[in-house]
């Protein structure tokens, strides 16, 4: 229900802002940009959701529960956080893997740690973009400062 309320509020705000654009040319341009974004994103979301469903069926649930489930304790969280940066690809891949792991029996806390560590330390993003744009010193500084974040987020998730 909260997602529905949030979606309605965001959609309503977008509609109000769209109507407040100064002229029809701007409205057409914003409509075109929204349509382009939708056309770019929709197939990826569809493939990611289908992939997550297929991937979840292929995952050995007993092994996922043993390694990443509630009974695995802190080791599950540490393993999930360690696997996050190693995940290749973008958000469609990592969130699909997280969803598949949840379906196969991974604990929500481990999955939250996984997604958080992927978000902060994805090797593909670091090597492809961050090092080349930010340089080695800035990248290493950010990584060192951010190292405890997945553990803190997982601890908060566990407390909830």
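Glycine is no exception: its Cβ is also placed from the backbone N, Cα and C atoms.
As recorded in TrEMBL:
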type	residues	note
TRANSMEM	38-60	transmembrane segment
TRANSMEM	72-97	transmembrane segment
TRANSMEM	109-128	transmembrane segment
TRANSMEM	140-159	transmembrane segment
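Sequence-distant contacts of the transmembrane segment (109-128), counting only residues of its own chain at least 6 positions beyond either end whose CB sits under 8 Å from a CB of the stretch, comprise 68-69, 72, 76-77, 79-89, 94-95, 97-98, 101-102, 139, 143, 146, 149-151, 153-154, 157-158. Outside the transmembrane segment (140-159) by six or more residues, the chain places 77, 81, 84, 108-110, 112-113, 116-117, 120-121, 126, 130, 134 with a CB less than 8 A from a CB of the stretch.
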